Structures are given as structure tokens and as C-alpha cells.
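Step one of this worksheet: look at the structure below.
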Amino acid sequence: MSTTTTTVTAVSPKLGSKKRLPPEVGILLVLFGISAFFEVLGWFLVDQSFLGNMARLQIIILQVSVIGIIAVGVTQVIITGGIDLSSGSVVAMSGMIAATFAQNSAWPKVIFPALTDLPFLVPLAVGLGVGALAGFINGWLITKTKIPPFIATLGMMVSARGIARWYTDGSPVSGFTESFAMLGNGLDRWMPVVIFLLVAAFFHVMMRYTRFGKFTYAIGANPQAARVSGINIETHLIKVYVIAGLLAGLAAMVAIARIKTAQAGMGLMYELDAIAAAVIGGVSLSGGRGRITGTVIGALILGVMLSGFTFLRVDAYYQDIIKGVIIVVAVVVDMHRQSKRSKKT
Amino acid sequence: MVSALQVDTVSSGNRVPQSGQSEYVLEVVNARKEFPGVVALDDVSLRIRPGTVHALMGENGAGKSTLMKIIAGIYQPDGGEIRLRGEPVTLETPLAAQEAGIAMIHQELLLMNQMTVAENIWIRREPLNKFGLVDHAEMHRMTAELFDRLNIHLDPEAEISELSVANRQMVEIAKAVSFNSDVLIMDEPTSAITEKEVAHLFEIIRDLRAKGIGIVYITHKMNELFEIADEFSVFRDGHYIGTHLSSEVTRDDIIRMMVGREITQMFPKEEVELGDVVMSVKNLTLEGVFHDISFDLRQGEILGFAGLVGSGRSNVAEALFGVTPATSGTIEIEGKPVEIKTSHDAIKLGMAFLTEDRKETGCFLPLDIQENAQVAVIHDDFVSNGFVNESKLVDACIEMCKKLRVKTPNMHECIENLSGGNQQKVLIARWLLTNPKILILDEPTRGIDVGAKAEIHSLITQLAHNGVAVIMISSEMPEVLGMSDRIVVMHEGHATGILDRSEADQVKIMDLAAQ
């Protein structure tokens, strides 16, 4: 049939062979730059090394871990073109509920006296379950009632916080079993970091190398196209929100096990830190673009900044002001980079 | 002008349906589909033979796209039956349709722009390695193989957002072909690609036809029908009108079937006494995009811009209108040198600009007709003491929409619900309200039906008659030839020639456009 077919050549063959640098390289350089910045200022202002202090580095990465675990889930939600404002409150809710199953009998203020000294798997399962349920409700509301993710998760944010307070009338829960406390202090105190890195590695592979991950990107990039490609958008979105809720629950377990107490006010504004980590890490709020590795680096940048300003004895008020500026600058730089890229062709 | 259309009938009739259990690969019998307030399809039937190209013709709103969406599992019919190879089927989701052997190329390119070419093609069908993970190397290889087969030269790893619209269309085509389906639906696949790529697409179609695939081909372009289709069905207002072999009919027959009336004059161009030079452009350049564009434009003149997609025609229009100002060169309006840095400058100088992409840069889709029409004139005469004179504004808009015969129950209809032709009329109304001296039209009749097209053509003629200077960019050769007094032909950012109406023909234009 085909004799002399005309061909469509708009892309030069060279373009195909040119390997692009992964987008994380830029963010990684920013991380190094900020660290170096604090190192140099440290010498001059407080006469100490910023990076040469192992204890400080451990605190940075421990602090980052809880937000990081949440951010891995939030990243997936944002890639679908959604948003999850509820993660901070879900941390409090699942933390409070799970904590009441993690108490030891020696503690004077046991909530359920019949349910003490349970194996750590019970509170862990309860915490993950509560988180997943919250995520399921988010996903169900978004897909079945078609309300925007912003509204659905805003509702969950307010209600989950309310449940966390109502559950014990506002009193904190402490006195955990040894085995449960290991979740936050085990492996020579590195347990939160280990959990964070395992979670990040698992979902990195999932996003990059499984159909599940490809569907997540496809839905964020063009829901209509995803639908005609045969993807069941509703089911998939619910799964993504369940993962986000589950990871918020896991973050709550790590957090309460580490500080050995749960209180209804915990996790305040964690959702915004998680979103900030994702956005600094190059995840596009319009969906379809972003990587778990970027989010991990984004979370580290936030942690280094927080620690760095404390190290330089900068007032906490300034820290927040600067943090806000950094988030906006990160997005501006990212948008600029993307528009430059599309103009090239 | 009509003779400029390619009316060749090379490709029909020589194809005998393979004998089997069923003569047809796909049958739609008595299909019905209602939307709130409208019957989109009323008792419609369609039969597709294997190894044929079956064109669907009809004005916008005739029901072609609705019917295709039913076949592709996107809509559910309210009545009737679909049969595949003689067997009745229900196609509840796009996935069910794909699995039943029906693939569709969508009119609005449905691609995931942030993902790569390969990921787009194989989404949901990614090759997996023994760990159940996506095998990217294999996916790359499969894409390269598919592209090889179709003679498409694109990098499988390129991100869709980096490709031109024409190349995105080729990706869509490759994706649809990759399903190896029995039925392939193409919804206006040539609306965004150049003639060279159309030729390429037709090669692919002929190849698929030879393999026994039934191809449903929706188009508004008459010459394509005669070039590629074996048979065709005509729809009008949700009704099935008839099916014929394309070798048995003439262009006029088809138009008569489509509109239910005769359109005697396709291009009602009038000779207008040209007035003074309104706009004089010299050496206009936008570094890296177009270079040294010079022309004069007179009162009452229609100046056509021809050239391939991407030759810089729209960029010149955008520079003239201040959307992306030129980097050098001069523009004089009525003898006075002017600087146009923003669209606001251009509007103040009496210019109006109907953009190429109705949906992206024309309509405010969620807003109603009134709001869409008034947006360019909310200042000037319609505002006093900082307040909008609402009733005067509404009256002016209503009057203009009536004049342009916008078909709508009232001005509060959301513009998204109008047909393409009526949307275009509202956008033209928006600009005519500004009383422009210079009207720039970029693809004024793209994707709209024959009836509305003729109305817009006569409107342009009438405007020119009233002394408006018109710049008209068009990819449709008959339109440029039929409407223009002079034609600027562009190629890769340069004006390769300006042809007078009397000397211009299709061959000369193609010569200059393709060099």
C-alpha cells in the first residue's frame, strides 16, 4: 500500500539522544547551597560549624521524618491534581485514638483499663486504620459528590481535629508500652528516619515503575484522557486519598511513639508543611508533575532551614516570615524553569 | 473558486466486503440519545463494513460526535442497539469499547501533556517485567516499532508538552492504531495538521483499510471525503439522512443533504472599491519567529494570509495586535507611525482580533453570551462616572447578536452550550461592537459547519463593503482564494510572496508556502 510516504519530522534525532538531567538535581543543589550558607554564617556569627555537628543533623532528619511521611502521601494527591488539607488533623485524630490502645497498665490515667499492654501491632493497626478511613471519606466525597478536594479535605481537617479533642475531652494520652515506643525510638533512635526512607523508597518505585503510579500521573495530567484510556478515575482517586490518609496515620504513630504522648493539638499545620515540602520539591499544584525524591529533598530543605535559623538564633517570628518567602520563591523559580522549557521547542 | 477544491474520486468502490458471518463489522441500529432538553440522536442507524473508510458528514450539532461517543463507550444510548460482527454488545465504559475492538481518535487531543509519548500511547497497557514493574526499555522499543511501522519520526521519550499540535495529533493516531482494533473512529483528525501530514495520515488510513479495519472518519472537509472515503453517511439535526458511495455523488449533493437546502454561493466575494491605505507595515520582525514582513492594507480590502501551520502567520497577527509585540519594524496607521505594545493600544487604534483558538483564547466558556460579547467594550461609551450603563450595553449586544444571527433562546445561555459556529459569531459580535477599522481574523471558520461558514463569509464581505480593512489568516485554501483581494504567503517566518486575486491559485500558493 504505502509507496513513498511523507514523514513528519519536527524533532531532530539529536534531541532523542540527549539525556535530560533529572529535575531533582536543581533542588538538591538548593539544599546544598542552603546548608553551605548556614555553615559559612555559623563560622562568622556563632563561631560553630553547622554541618559538623552530628547531633544537630540527627535532629534535623528526625524532625523531617514525620512531615516527610505525610508529604509522600500528599505528593501523590497533588499529582492527581487534588490537595489534602486534612493531614495535620488526621495525625491528631489517629494519634489520639491509637494512643488509647498503646497504654501500659502501670500508667495511672489509663483510658481503657481493659485494653492495656496490647502488642504494638494493635495500636499501629488502629492508627493506620483511622487514617485510611479518613482518606477513604475524603476520596469518596471527592469522587461521588464531585465537590472540590479543597472543600472535602477542609471539612475533614475541621472535623478530625474536633474528633481528636472530643475523644478524651481534650486530655493528652501517655504511658505507652515499650514495644509501641520503639516505633519512635527504636534502632538507636533512628526508627522514624528508617520508616520515612522505607516509605519514600516504596512509593518512589510505585510512582515511577508501576501502572498504579502511571495512572496517578495520567489523572493529574488530563482526567478526560485518562478516562478514555480506560482508567477508572473514581476508584483510583479513592485509593490515592486512602494512601494519603494511611501515611498521615503512620506519621502519627511515629510522632506519638517518639514524644511518648498524644494530644489533640498535635500535627497543627503539618498539612501545610507537607504541601510546602512537595511544592519546594517541584511537585506541580496543577497536577501531573512531580516526584517523591523531589518531595524528600523539599522536606529536607524545610528541616535544614528551621534548624539553621535556630542555630543562628534567629527569632521564631522571622523564621516563619522567611519560610513563607522561600515557598513562594520555590514555586516562582519552578514555573519559570518550566515555561523556559516549553518555549525551547 | 469551487474548482480550487480537489475533487478526485480515485479511491472508492473497488473494495468488496469480505464474506463472513456478518457483512458489517459494526452496526448501530435505531440509536437514540437525549440530553436535558434536546434529542441529540433520534432513531439513528449506521453500518460499517470491514476494510472501508466510512465518512460521517453533517453540520455541527448534527449528532456525529454523540454517535461516536456512544460507539466508544463514553455515552450510553437511551435506545437502540450496537452490534459488533453481528453480535449485540453493550459498551458501558471506554475500556469496554477498547476491549471489544473499537479505538477512537478524539477531536480534542486527549493526551497527558506532562507525560512522555511512550507513556501516553501505552497507558494502562504498559509492558511489565517479571517483578510486575513497568518495563520502560520494552515500552520504548514497542513505541519505536510502532512509529517505524507508521513512518512517524518522534522521540518516544519526548514529553507531549514539547511537541507541536500536529505532532501531538500523530501521537494520538499512533495510539489509536496501537490497539490493533477492528474499528477505528477518527473525529476530525486533520483539523490541526498541515497538508503534508494529512497526506501521511491518508497513507496510514489506506494501509489500515487494506488490513480490513473498518474506519469511521468524521470530517467537515469535502475534498477529504472524495480523497479517502469509500462511502459516507449524512446526519442532520440528530437524524440519519442517508448512506451513499462517495463515487456516486457530487459535492453539491452532499451539501444539499447536510443542510437540507441549496447553498448556491460558497464565497460571496464582492469587488469593493478599495479606499486609502489604513495600515502600512514595514519590515516587521519578531526575532526568531518572523522577519521583515511588509504590506499595505487598504479600506475595504481583504488581505489573506496563507501558509503552513507554524509558518508565523498567527505570530504576525499577534504582533500587530500587541499580544507579543514585534522587536523591530514600523507600523503606520492612517499615515501616522504608531507603537503597539499591548492589546489595549491596538484596540484604541481601532483594531480587533479574532484569535485562532476559540476555546483557549476566545470564549470565556463558563460565562453567558452577554458577558462574552460585552467584554471588549466595557469601557468607552458604555461607562459613565465609573458605572457601567447596563441597559445600553445589553441593548447593543442584543442588537449585534441579532444582526449576526446568533442562534440562542436568550443572552443568558452559557457560551459553552452553543455550537462552534454560534460561538464564533458571538466572538465576532464582541469585536464588531468596538467598531473596528482593522479587523484581524485568524482561522475565522475553523471547525464550524457549512451553513455558519457561509454566513461568516458573507459577513466578512459585507464588512469589507462598509470599508473595514480585513486581515484574514486561513489554512483552508478555497477560503483564502475565494475571499481575499490579495494573499500574503508565508514560509518559515518570511513572506515569500504577495499574490493578487487575479493571479493566485492553489499551485502558486503551495509553491510559495512550501518552497
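FYI, residue positions are counted from 1 along the chain as it appears here.
Including glycine, each Cβ sits where the backbone N, Cα and C put it.
Residues or ranges marked as transmembrane segment by TrEMBL: A:25-45, A:57-79, A:120-142, A:149-167, A:187-207, A:240-259, A:265-285, A:292-311, A:317-335.
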To the transmembrane segment (A:120-142), which of A:187-207, A:240-259, A:265-285 is linked by the most Cβ pairs under 8 Å?
A:240-259
Which one, A:25-45, A:57-79, A:187-207, A:240-259, A:317-335, has the most C-beta pairs under 8 Å toward the transmembrane segment (A:292-311)?
A:57-79
To the transmembrane segment (A:57-79), which of A:25-45, A:149-167, A:187-207, A:240-259 is linked by the most Cβ pairs under 8 Å?
A:240-259
Which bits of the chain, at least 6 residues beyond where the transmembrane segment (A:149-167) starts or stops, bring a Cβ under 8 A of a Cβ in it?
77, 82-86, 88-90, 92-93, 95-97, 100, 134, 137-138, 141-142, 264, 271
Take the transmembrane segment (A:187-207) and find every residue of the same chain, 6 or more past its ends, with a Cβ under 8 Å from one of its Cβ atoms.
58, 61-62, 64-66, 68-69, 72, 76, 79, 213, 216-217, 243, 247, 250, 254, 257-258, 291-293, 295-296
